[in-house]
Amino acid sequence: YLVLIQLFLGNSCRFIAKPCAINLGIQDSGPHRAQPNAILEKVFTSITKSPDGKRLEGLSKQLDWDVRKIQRWFRHRRNQDKPTTLTKFCESMWRFTFYLSIFFYGIRFLWTAPWFWDTRQCWYNYPFQPLTSRLYYYYILELAFYWSLMFSQFTDIKRKDFLIMFVHHLATIGLITFSYMNNMVRVGTLVLCLHDASDFLLEAAKLANYAKYQRLCDAFFMLFGVVFIVTRLGIYPFWILNTTLFESWELIGPYPSWWLFNGLLVTLQVLHVIWSYLIIRTASKALVRGKVSKDDRSDVESSSEEEDVTSNSTKGIFSTSSNGSNRLNGHVASGQWTGE
C-alpha cells in the first residue's frame, strides 16, 4: 500500500496537478541561480552553506570579490535548492485529494457504525470484535499514507519544526499500528476520521495561495482554523479521550497496554494545543490587518537590499523563512506558511 501511495503521488502530480497549475499560471521557474564558481561550490557542499565573517573575508581575498557579492552568491545557491511553486502546488494537490477522499470515505463508513453514535460500543465484547474488509482497507490506507509522510520528511528540505512533526508522525503510526494489533480499531477509526476533518481545508488554502487567490486563501485558512480548534480542542478530548480514559476503564478495566495507548493519545492532544495556539495567533493578526498577516521573511532569500524591499512587499503568511518552514500538522506555525 505504501508503494501504491507513492505511485498515486507521482501520477497525480504528472497528469492532474501539473496541468492544473499551468492553467492557473503557475510557472515551473525557480529562484535566480548562482553563477558557477568551483571554489565557492566546494565551500558550500563540503564546509558550510552560511559562511561566517572570517571565512567571507578569506574568500573575498582569494577570489578578489566583494564580501557583499559572495554573500549574494551563497543566498542564491541556497535558494536554488528549494522547491519551486509548481512543485509545492503539486504536493498540496495530491495531499488535498487524499485527505478529502479518505475523510469522506471515513464519514460514509462510520455513519452506519454503531460506535460512531455511542462510543461505549467501542468496548463492548472487546477484544472479540470482527474486522470487516472496509475497516481493514481504511486502516491500511491511513497507515501507508503516514508512513509515506514519515519517509518524505527525511528527503524534503529540513524544516524548523522537523522534530515536532517527527514526533507527530511517530505517534500517529504508533497509534494506528498499536490499535490494529490490539483490535482497538473501532476507536481508532474515530481518531482517524476526526484528524482528517481539517487537513484537506489547509491544503485547499495552500493551493489558493500558490495560485495567488488571496481572499480564497484567507477564507480557507479561517475555516481550517475553526474546524481544527473545534475538532482538536473540543471533540477530541471530550469524545475520544473520554471513551479511552474513562469508558474503557469502566467497561473492560485497566488492560495491560492501557497506559501506553492513552499516553500516545494524550501526546497528540499536547500537539493539538501547541498548533491551536499558533493558529489563533495567526488568525488574530489576520483580523487586525484585514487579511492573513504578512511575514517579514520570504521563501527565497533576497540577495540585495533592493530584493529585500521587493520581497517584503509581496510575501505573506504562506511564505517560508530562509532556512525552511514551520509546519503545523503538516502545516502552519509561527505565523507563517510552511515550505509547502
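Our numbering is plain: 1 for the first residue shown, then up by one each step along the chain.
In case you wondered, yes, glycine gets a Cβ from its N, Cα and C as well.
Listed in TrEMBL for this protein:
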type	residues	note
DNA_BIND	42-85	DNA-binding region
COMPBIAS	314-328	compositional bias 'Polar residues'
DOMAIN	87-288	domain 'TLC'
REGION	296-340	region 'Disordered'
TRANSMEM	96-116	transmembrane segment
TRANSMEM	136-155	transmembrane segment
TRANSMEM	162-181	transmembrane segment
TRANSMEM	220-239	transmembrane segment
TRANSMEM	259-280	transmembrane segment
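With a threshold of 8 Å between CB atoms, the same-chain residues lying at least 6 positions outside the transmembrane segment (162-181) that come near it are 139, 142-143, 146-147, 149-150, 153, 187-188, 191-192, 195, 257, 260-261, 264-265, 267-268, 271, 274, 324, 327, 329-330. Across the DNA-binding region (42-85), the DSSP tally of helix, strand and coil residues reads 30 helix, 0 strand, 14 coil. Sequence-distant contacts of the transmembrane segment (96-116) (same chain, six or more residues past either end, CB-CB distance under 8 Å): 5, 8, 12, 16, 122, 134-135, 138, 141-142, 145, 186-187, 189-190, 192-193, 196-197, 199-200, 203-204, 207. Confidence over the domain 'TLC' (87-288), given as mean pLDDT on the 0 to 100 scale, stands at 87.
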